[in-house]
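One structure is given below, encoded as structure tokens.
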Amino acid sequence: MKEIKDFEKIRIKIASPDQIRSWSYGEVKKSETINYRTLRPEKDGLFCERIFGTTKEWECYCGKFKSIRYKGIICDRCNVEVTHFKVRRERMGHIELSAPVAHIWYYKYIPSRIGLLLDITASNLNSILYYEKYIVIEPGDTDLKKMQLLNEDEYSEAKERYGMSFSASMGAEAIKTLLENLDLDELSSKLRLQMIDKDDKTDKKLLRRLEIIENFKISGNKPEWMIMDVLPVIPPEIRPMVQLDGGRFATSDLNDLYRRVINRNNRLRKLLLLNAPEIIVRNEKRMLQESVDSLFDNSHKRKVVKGTSNRPLKSLSDALKGKQGRFRQNLLGKRVDYSGRSVIVVGPELKLHQCGIPAKMALELFKPFVIRKLIESEAVFNIKRAKSLIEQEVDEVWQILDNVIKEHPVLLNRAPTLHRLGIQAFEPVLVEGKAIKLHPLVCHAYNADFDGDQMAVHVPLTPAAQAESWALMLSTNNLLNPANGHPIVFPSQDIVLGLYYLTMERKNVMGEGRKFSNFNHVLLAINNKSLDYNAQIYVKVGEEYIKTTAGRVVFSEALPGKISFVNKTLSDYELQTLISEVYVIYGSSIVIEMLDIIKELGFRYATKFGCTISMSDIIVPQEKKVYVEKANREIAKIQNDYTKGVITGEERYNNVVSVWSKTNEELTNKMMEILKKDRDGFNVIYMMADSGARGSRNQIRQLAGMRGLMAKTSGDIIELPIISNFKEGLSVIEFFISTNGARKGLADTALKTADAGYLTRRLVDIAQDVVVRIEDCGTINGIKVEALKNGEEIIEPLREKAVGSYSIERIKSPITGEIILDVNEEITEDKIKLLETVGIDKLVIRSVLTCEAEHGVCQKCYGRDFSNNKPVSIGEAVGIIAAQSIGQPGTQLTMRTFHIGGVAQAGSEDDKIALKNAFILNGLEGFNVQVDGGLLFTRKGVLRIINVIYEESIKKIKKLKVSDSQKVIKGMSLFIDKSGVEVLSSHIGYIKIKDNKLMIVSEEQEISLKVGTRLEINVGDYVEAGRVIGTFDPFAEPIIAEVKGKIKFKDIILGTTLKEEINLETGNIEKRITDQVFESLDPRILIINDRGVEIASYVLPGDAYLQVEDGQDIDIGDIIAKLSKGSEKTQDITGGLPRVNDLFETRIPKNLTEMAKVSGVVQFKAIQKGKRLINVIDEYGVEHKHYIPAGKHLLVRDGDVVRAGDMLCDGRINPHDVLEILGGISLQEFLLAEIQDVYRKQGVSINDKHIGVIIKQMMKKVKIVSVGDTNFVYNQKVDKHAFYEQNKRVIEQGGEPAVASPILIGITKASLNIDSFISAASFQETTKVLTDASIAGSIDDLRGLKENVVIGHLIPTGTGMNLYKRVKVRENSNSEV
């Protein structure tokens, strides 16, 4: 068989019978395998040497020819060719079937492919193939119809009636005849006409039939090939039979399955020769069909064939499928030689690029290299002698080993390898003992600790592999996290504590207040023990003295020369910032030097500090008792309100939980305050938490404050908190309550790891072929980015979103008019600073989402590679990096956050509105009424405010340099004050002169208000920072009367829509609307005037508590009913990992909201079939219908004006609706924001572009809406680029192009719909993918990584790109000297 190495594509097709025969070296006629006496293969059996080749090298079966010189000769006695025994892995045989048999892949898998072609249901097809029913093939001139099914009796009757004038048959023969008679072209045009007739109502079956027919036409496959006359037999070495110790044989299951087929086939052949009765033959044919089905796919049958130990036999399909299948077990993941594993221990003496390898292990790993050197040095002359020297471990061997490992990198890997930093290269250093030594600073990238973790070592063998390890994988070249560009090599724990101790300041210690003329004098004083590290001193730097501490001088002096003096207490955050800054300014070489110095110093001073903890370090605040008593008083008041019936049970519960949350928070603040003051800040517990070395505020709270609220198994919070802390000790009940949380924590962690791993696998699968392939795709589209704000606070600055991208537009300075950023220019840190100083906070940048590269993405749209802060290089596998960046932090996400009235996780919910900054109220939106001198919002409202960033009294100003409403930037002159000094602006904003004040104000911002908010200010008011401007009820949403009149109940019927419950605790009667839905009843409260005319109407959602009686007088602003927030608790809101899963899989949320399809005016209609019809009337007067389940809480009222995409009722947003209503760009923004929100809440930073890469892959396909003159089928889903290509061709030929709409596909589905069938088959549903690919004659262009790994090519990224494969080195012919 010839070696095929260099091919570019792979095609899969259905094999025709002739092709199967051409592969074969002979027919297998007997089911025998090996002769039990001679242990040689039986002739014509499943292991026959004549067919499959000899079992002994260069020897025929009978032994007449023995030697390589007879190569290729066929023995005249035994007919066996003299060859190498390896041909038994390649040579195939065949079985000539006595009756045609259908292939299980094409008839059994849903949808049945044969069934679709012939338009027969799967069950009918089954009954034909299994000889239960006849099918009419040619009706002739009878009343029968073609393809009509007949049972035995009907067939006999028809035979008697019509004789031979019609033909009907059963079994695979019948199906084969029908398939041979199919005219695909005629069928195709007939179906296309049917689709046009049906138009929008096209059923999926028509679409599927058309797709299959088109696939057969294009691929050149013939439909009748799905029925087999001849069966291939795979080479015997692939289904081996081996002798075990006891003389028994172990055989592959396939041999048993083949034997069943051969036995039944031979029996059928004999029966046919004997002209046996039809019923017996039919039964044998059915059994043959059944045995071939088992051979191809045993697991898919209802009755599985079982082997000796009652275990299902593994068929051909099973060998491909699943984790243990050929794809995932042997092709995508292989075992490696030259590797070892051992426990890791810390190696504080190592340099960053080194690791310690046990001498014994190194000797074994580098054995071939050592042997070579031994032979070269003429210490020995053959390999055998060299091996024995190595076993004796003589001195020369160790010397040679030392030389061999110098500059020969090894790869260290820790499982699980969640991102690319899970494998890094180091230079090995020989160490004693049996443990691998690891540098402490790379632990974070590996997520390793030294509590028994193990790591694997791999040796790169070839010079090319070694060069790649040095250049790309060395730990010193992997300092940054590819997910976000932040340093990933940074100190933690001991090192941080040591440096924090070194750089802290302490009062009243030796040498305080002394002055030193230079750093050396300080070091001298320390060495002479006349100066304490934490003493505050003054040191001359340049011309002036700076206030610092001795420890900071020690730290700064140790750093590499270029780095400026670091004068602050170093916590972990400060150290990371320092590393980041040094990297940006001085580059990686200085950082590497600095990191080793930091490690050294940290360990040394942690040892010097020698911190210990005692019980007396845990200080419980004395005020604890006061706080707890205060909380108990508040709870008594809440209980009292509840007893009186003022609040509902749910509100009481929410309020109690809120009180305890607040109390816990106050107590924690007090406790931290006391700890901070204790021993001048040198309380060890406080130091550990404050430095970020170990422990958190939350953990200290449990030690010295109170443990706080616990959750039940159901996720509800138990309203009785654990008031004790660990120092005081828990009571029995408190201990019992806490056990549940502890157990849940452990169970969750186990589940979470598997889930996060599966998420990563799906992400890698969808993005694995996204590689940077070209420099510039030339797009003119981009996306808008701006700083992400929550009210006033900036959650993510513009810098995080834009740095490293390319601008799509030219940006000029609003003041000078000079160009700051040009089109297609990289946005660097400096450019961002420039933009910030001139007040530009919105940009349009190039993004992977808008990239138009046909395959993968282009350099300009991707921007910067975060692993080295340089523009991304062509060939970078950005899809895999994106998948790893999203999947790796998955284990840190919570499994599910229980949402309980907004507390437990989020602390307490406030009931007041107060803003941090002073502001001016610019305007109000939303329906509100005047009540008691304030404004009451009866529906949701919006405050429009402008923040006051800077203010100065006009009285202090001599001359103004600016005018009202003028824009100012940093450094601009504002005024000259009374003393003649010019004052410059240090802010960006707009000038506002009001109430004798000069102010700089921000752009207008919106703050949303809840229903029932009472506002105490008016438009135009200036409000000081921190003033309470409004109040609301955080635990209930009221329905408020907007007019004065009399209450009238409509459809509120006791026992039907209204439920009266007597509260057993309080004895009060609570009236609640039921959440049952009635066809015609629509419970609402009307307000009527004196004449009995309805002037207002309020729809009551399910679970609303009535606050009024029928016929009662009501005033503006009175509460009619309220909805308790507690009802949200039951609709458990998914957070964390499950939420990310739902978003990537584009699942439709359970509690769906309805979005307005257009902008317009809301009009309420009646309830039909349990759903309320709401029309939105657009500007042209067209009504757009929206159906909302009755009982849902509506967010709009009759007559409201809504915008397209506004939510009409409570619930979660469906991403597919966003795409349909607001378009692709809005959908991308929505998904990006939602996914980032989950990660950001957990403190995980992932750059937008990684999520963008995945979203781009989810939106690769479009759905055909109108076919035009193209070959597409209505409703078909096709690749965007294929769609544009075909349209381009049709337009060039003067035809009408097709029209398509964008669609969103979840990641699992998108991975299966990928162009490469190898990649899709190795992901999931292997057999289904291969079935469809073979019908379509799919060609795999081997563009992605996975396909190439499977077939054993270099992956087409980085150095393996085709770009570099054809590089040849030519000798320069200029030989003149």
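Yeah, the Cβs are placed from backbone N, Cα and C, and that goes for glycine too.
The Zn(2+) 1 binding site annotation in Swiss-Prot covers Cys60, Cys62, Cys75, Cys78 and is backed by sequence analysis. The Mg(2+) binding site annotation in Swiss-Prot covers Asp449, Asp451, Asp453 and rests on sequence analysis. Here Swiss-Prot flags Cys777, Cys851, Cys858, Cys861 as Zn(2+) 2 binding site.
Cys861 (Zn(2+) 2 binding site) falls within a helix when secondary structure is assigned with DSSP.
Taking Cβ-Cβ distances under 8 Å and a sequence gap of 6 or more within the same chain, the neighbours of Cys858 (Zn(2+) 2 binding site) are Val772, Arg773, Ile774, Glu775, Asp776, Cys777, Cys851. If you measure from the Cα atom of Asp449 (Mg(2+) binding site) to that of Cys861 (Zn(2+) 2 binding site), you get 38 Å. Checking each of the binding-site residues Asp451, Asp453, Cys861 against Cys78 (Zn(2+) 1 binding site) by C-alpha distance, the shortest gap belongs to Asp453. Close to the recorded Zn(2+) 2 site, the chain also has Ile774, Asp776, Thr779, Arg846, Val848, Thr850, Glu852, Ala853, Val857, Gln859, Lys860, Tyr862: residues not among Cys777, Cys851, Cys858, Cys861 whose Cβ is within 8 Å of the site's Cβ mean position. Cα of Cys75 (Zn(2+) 1 binding site) to Cα of Asp453 (Mg(2+) binding site): a span of 61 Å.
All protein chains considered, the CB of Cys861 (Zn(2+) 2 binding site) has 29 other CB atoms within 10 Å.
Rounded to a whole number, the C-alpha distance linking Cys861 (Zn(2+) 2 binding site) with Asp451 (Mg(2+) binding site) is 44 angstrom. Working note on the binding-site residues Cys62, Cys777: by count of other C-beta atoms within 10 Å of each C-beta, Cys777 ranks first. Across the structure, Asp453 (Mg(2+) binding site) and Cys60 (Zn(2+) 1 binding site) place their CA atoms 55 angstrom apart.
You'll find the Cα of Cys62 (Zn(2+) 1 binding site) roughly 63 Å from the Cα of Asp451 (Mg(2+) binding site). Each residue in Ile344, Ala448, Phe450, Gly452 lies on the same chain as Asp449, Asp451, Asp453 and has a C-beta within 8 Å of the C-beta centroid of that Mg(2+) site, without being one of the site residues. For the pair Asp451 (Mg(2+) binding site) and Cys60 (Zn(2+) 1 binding site), the Cα-Cα distance reads 60 Å.
For the Zn(2+) 1 site, the Cβ centre of Cys60, Cys62, Cys75, Cys78 serves as reference, and the other residues of the chain with Cβ at most 8 Å from it are Tyr61, Gly63, Lys64, Phe65, Asp76, Arg77, Asn79, Val80.
Sorting the binding-site residues Cys60, Cys75 by the number of other Cβ atoms within 10 Å puts Cys60 first.
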